[in-house]
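**Student:** Below are the features listed in Swiss-Prot for this protein:
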BINDING   His574, His578, Cys676, His680  Zn(2+) binding site
Amino acid sequence: MAVARSLRSGDSRPRTGSEIRTAFLTFFAERAHQVIPSASLVPEDPTVLLTIAGMLPFKPVFMGQAERPAPRATSSQKCIRTNDIENVGRTARHHTFFEMLGNFSFGDYFKQQAIEWAWELTTEVFGLDPKNLVVSVFREDDEAETIWRDVVGVNPKRIMRMDEADNFWASGPTGPCGPCSEIYYDFKPDLGNDDIDLEDDGRFVEFYNLVFMQYNRDGEGNLTPLANRNIDTGMGLERMAQILQGVPNNYETDIIYPLIETAAGLAGLDYQKLDEKGKTSFKVIGDHCRAITHLICDGVTASNLGRGYIMRRLLRRVVRHGRLVGIEKPFLQAMGEAAIALMVEAYPQLEERRKLILAELNREEARFLETLERGEKVLADVLVANPQMISGGQAFELYDTYGFPLELTQEIAEEHGLTVDLQGFEQAMDQQRQRAKAAAVSIDLTLQGAIEQMAAELEATRFQGYEVLEQPCCVLALVVNGESAERASAGDSVQIVLDTTPFYGESGGQVGDHGVLSGEGSGGNGVIVTVDDVSRHRNVFVHFGRIERGTLALGDLVNAQVDRACRRRAQANHTATHLLQAALKQVVDSGIGQAGSLVDFDRLRFDFHCARAVTAKELEQIEALINGWIMESHDLIVEEMSIQEAKAAGAVAMFGEKYADVVRVVDVPGVSMELCGGTHVANTAEIGLFKIVAESSVAAGIRRIEAVAGPAVLAYLNERDEVVKKLLERLKVQPSEIVERVTSLQEELKSSQKALTAARAELAVAKSAALATQAVAVGEYQLLVARLDGVEGAGLQNAAQGLLDQLGDGAAVVLGGLPDPSDEGKVILVAAFGKQLIAQGQQAGKFIGSIAKRCGGGGGGRPNLAQAGGRDGAALDGALEAAKVDLQQALG
């Protein structure tokens, strides 16, 4: 292998990729440049999907929109470009991921210094022979040519003048711009200087580009000199590594080749013995694995839009080329591990995000392998017939039915020397849009009515959610604001019917899936719909959501993608519900039957027929039994059979439920077998953990158990743990002491409350002594009606009795008050009548009850002493006044 021979040849020049990177940054750091870490591949610039150049992080500085980080800067910037993706692996130097070494001047040094340093770095640090170097300048940049020729000393015959298309940089139609100068390496200097053609990439490779930003271009194309001139340079790390390591292409440098070796090892092949076709596949794998590893590290996840689509496309190309070289099993985790190990020294964040990177690689690979296997089988049948080309209809069927990307069909066709009828593909897509419009209904009803009528007029939705969680679909119907519509725009809440869907529609107690619909949309700029519920109406699935971006119209093709995390939680909860019913039958009563259920993303609820409460001990047994089944890792068996076969096998059905002739049976062997149309885990171990939260009664003879499973258990326990931590902090005890401490506090509180009640009673008696003077004479009787707040019922009774004792047997005492003056929601009224009043037929119990009604309450008691309560403190004064009037009339 060429790399191993070239990395060390006895001299001190940088050779490895790491050495080249370090040498470049050190060279400019020693010349007062601030070393700037690589920015993310996800740029801050909203007009650009990915970081495509080393200067992109500094673009706001060059455009005058941000302050410069320093007068001089240098960086090694990771970049991604996919405009030439079809050339990756087929040419010596095309890549998707690459590192751009750069030095920058923000209004500091300019052209001559930049050229001199570039030459010094190239010839003295990297040790390249000037005889192997050629430079280019813009055709009108006499200054640059003069510097190269007279200051640096480059042979004039090896200075090439180039047109604007090659050697003039501009940020856009207007704004900062300027000429460029490039340094090329000549692999064949013996051919001489008379016939130099820089387009000959077999002889020349451009490795260092110097941009001199010295002009501003106005709307009419006029160039005026900039007051502050800037320098932007870029050296391709991979290209310099190829030159210094003496290998035939960038892929066989130490920067990429270890990944090729890893992939070749997984395939059981010797890369150096392969033909060009085989080598191309391994080059694609090596290049793309660097790209997707860094994309995931920088927060990009696979999707069908924007940078997420770029990552998905790259990842799928890796899997596809892996299969071409015989790697049939999932291998992206191994490639991800190798990529991290290769690049972690320069990018430590790869290690920090290792788990995230590997998890995303595994998920997306598994998802695509399903699609790939189905599509390749169909495509193989097409190719057996030796067609002249793959028809548009065939390509569309692969795309529409099997989710096979068009570009992948094109790539496979090209490998067989065929083309794809793209015009026919577009026609097939348009025909589907027309069919969708013809199938759409036109109604003007309320939302529910609209959905019901729509469901009645449409064919049943093809549900694919047992097999796939993502697939292309066509929009058949739209409802906006309760009316059918042909299109919906950003901000609209919509109900959408698709011809087929991976989304589970709410039924059998399980909630509908969440997720996203995405596609090109009618505006061509992309549409995104968040789906937050799915319901079923006559086997038509209605997706409830909101248009987040773009415009959606009838006939549009969208990619339906279920939120996998939500689906996994629902699956765990649904299978846990089956285990719960089995445990209840085993622990409590074998005759227990289901009365209802709820399977949500973060909780589950199971209602069952039972005449008594489930004891705490039984709940512990149920919980232990279920967690035991989870840890035993039972594989679930899901199959369809006739209802008679299912019942004969012992499958549990819900009483009163109507079932079709053919039913779906979910079997946890030896544990549970139920008729069920919901989604479930493949193995009980996927549930993780099960925890009962509550047991209660919902109706006569019906009990309810609420529980959590999977990740929700951790959230529940964390919440409980947080409560305990706060208690420990407040009580200043250890966990083992908390029960004893709380019991002690309860006793202290009980004692304090008893003492407080006694104190209030004494206070009431003390206060009441002064009230005796307020009694008024009504004939031969004494009447006292007064308000006394801040006293509980017992204290108020003591006060009334004490006043009656002072006033004698011919007295009537009525007291009212608020036990808590700040709470007008609780009123207490007390009446104490002497023997003479009772002899006249007056009774304290009846009297105080009638008065309490004025405060929104009631009560009563003995003829001589009674207490009542009320809920309206604002009416208390009026009630006491009424008591005074009523007694005056009764006693007068």
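Along the chain as shown, residues are numbered 1 onward.
Backbone N, Cα and C define each Cβ position, glycine as well.
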**Student:** Hey, what's the Cβ neighbour count for Cys676 (Zn(2+) binding site) at 10 Å?
**Tutor:** 25
**Student:** Determine, for the Zn(2+) site, the additional residues of the same chain whose CB lies within 8 Å of the mean position of the CB atoms of His574, His578, Cys676, His680; present them in sequence order.
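**Tutor:** For the Zn(2+) site the neighbour list reads Gln571, Thr575, Thr577, Val599, Val666, Glu674, Gly678, Thr679.
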**Student:** Give me the count of other Cβ atoms within 10 A of the Cβ belonging to His680 (Zn(2+) binding site).
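**Tutor:** Within a 10 Å radius of the Cβ of His680 (Zn(2+) binding site) lie 25 other Cβ atoms.
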**Student:** Just jot down the residues in the same chain as His574 (Zn(2+) binding site), at least 6 apart in sequence, with C-beta under 8 A of its C-beta; none if empty.
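**Tutor:** Residues satisfying the criterion: Gln510, Val599, Leu604, Cys676, Gly678, Thr679, His680.
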**Student:** For His578 (Zn(2+) binding site), just count the other CB atoms lying within 10 A of its CB, please.
**Tutor:** 27
